[in-house]
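**Student:** Among the features that TrEMBL reports, domain 'Pirin N-terminal' is placed at 33-124. Taken from TrEMBL, the feature Fe cation binding site applies to His64, His66, His108, Glu110. The feature domain 'Pirin C-terminal' is assigned by TrEMBL to 178-287.
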Amino acid sequence: MSSSSSSQNFVSRSVIKKVFAKLQKEGDGAVVRRGISRSEQKLLDPFLMLDEFSVSPPAGFPDHPHRGFETVTYVLEGGITHQDFKGHKGTIYAGDVQWMTAGRGIIHSEMPEEEVNKGLQLWINLSSNEKMIEPNYQELSSSDIPKAEQNGVQVKVIAGESMGIHSPVYTRTPTMFLDFTLEPGVQFHQNVPESWNAFAYVLESGEGGAAFGSSNASPVSAHNVVVFGQGNDGVSVWNKSSSKKLRFVLIAGEPIGEPVVQYGPFVMNTQAEIDMTIEDYHYGKNGFEMAKYWRSQ
């Protein structure tokens with residue numbers, strides 16, 4: 001047995017909701033499984049969306065704008081090439097992460113590099129006083145992401161802390177993003193700050209699935225989001241498969257507690273701010289000055 005805290009007196013959060021991420025079309029010919037959508041936003045503040053994407057050329061996510069939040073792209077297979085109107089360009093491959101703060105405005109494209117390209121994209125809200133900051137990037141190659149392993153549990157610490165190791169990523173909205181792999185039959189306990197909202201997304205599981213919250217909880221299979229209640233020490237998980245590894249991401253964050261008004265790729269606090277954003281984008285001002293001239297290559 002392995003644990004991130006003493007399991008003797010560890011009290012796990014319970015599961016309050018499970019959501020199966022169904023396939024839907026997105027972008028230009030891409031397919032996503034949307035695990036978090038608007039119905040989960042209230043439970044999961046500061047998180048706005050989670051997509052597990054699968055895209056092959058010539059499909060992709062061509063030029064599109066964002067304002068008011070951050071996108072975290074974690075490539076699981078293949079590669080994604082990113083370009084934006086600030087001149088930023090690069091490709092992230094399997095195991096790499098791009099943490100993009102859209103801030104006051106960005107227009108970018110995200111296009112597949114190889115035959116099969118899969119990954120996760122998480123949208124994290126920004127507080128009202130950070131929605132109009134300058135855009136910014138943090139890019140981590142797979143080798144930059146701290147990893148730890150003990151007693152049949154491996155973790156990649158994309159943001160936050162686990163097993164005593166910390167990620168170098170700066171999170172404007174305090175966030176934990178952990179990629180766990182558990183060997184068959186193994187259990188694990190991960191601390192999460194009490195006031196934070198938390199969820200897990202199962203990427204791969206065997207025939208018994210995963211049990212979250214208690215060892216006799218009903219099993220959860222791949223492509224399911226598990227939403228945890230608040231309070232208690234953190235999250236407990238058991239790999240119930242006798243033969244296959246369990247892989248899931250555990251994501252948690254400090255709630256912002258502000259109104260959310262979303263219009264597609266724009267997330268602000270009021271409808272008036274959304275109307276202003278649409279106008280700024282349309283007329284190329286207040287952060288969208290380059291919108292008139294820029295097209296990705």
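Cβ atoms here come from the backbone N, Cα and C positions, even for glycine.
No curator has checked TrEMBL annotations; they are predicted automatically.
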**Student:** Just to be sure I understand the packing, how many Cβ atoms besides its own are within 10 Å of the Cβ of His64 (Fe cation binding site)?
**Tutor:** 14
**Student:** Do you know the DSSP helix, strand and coil residue counts for the domain 'Pirin N-terminal' (33-124)?
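**Tutor:** For that range the per-state counts are 7 helix, 61 strand, 24 coil.
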**Student:** So if I measure Cβ to Cβ from His66 (Fe cation binding site) and keep only same-chain residues at least 6 apart in sequence, which ones fall under 8 Å?
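**Tutor:** The answer is Met100, Ala102, Gly105, Ile106, Ile107, His108, Pro265, Phe266.
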**Student:** Give me the mean pLDDT over the domain 'Pirin N-terminal' (33-124), rounded to a whole number.
**Tutor:** 95
**Student:** If we count other C-beta atoms within 10 Å, could you say which of the binding-site residues His108, Glu110 has the fewest?
**Tutor:** His108
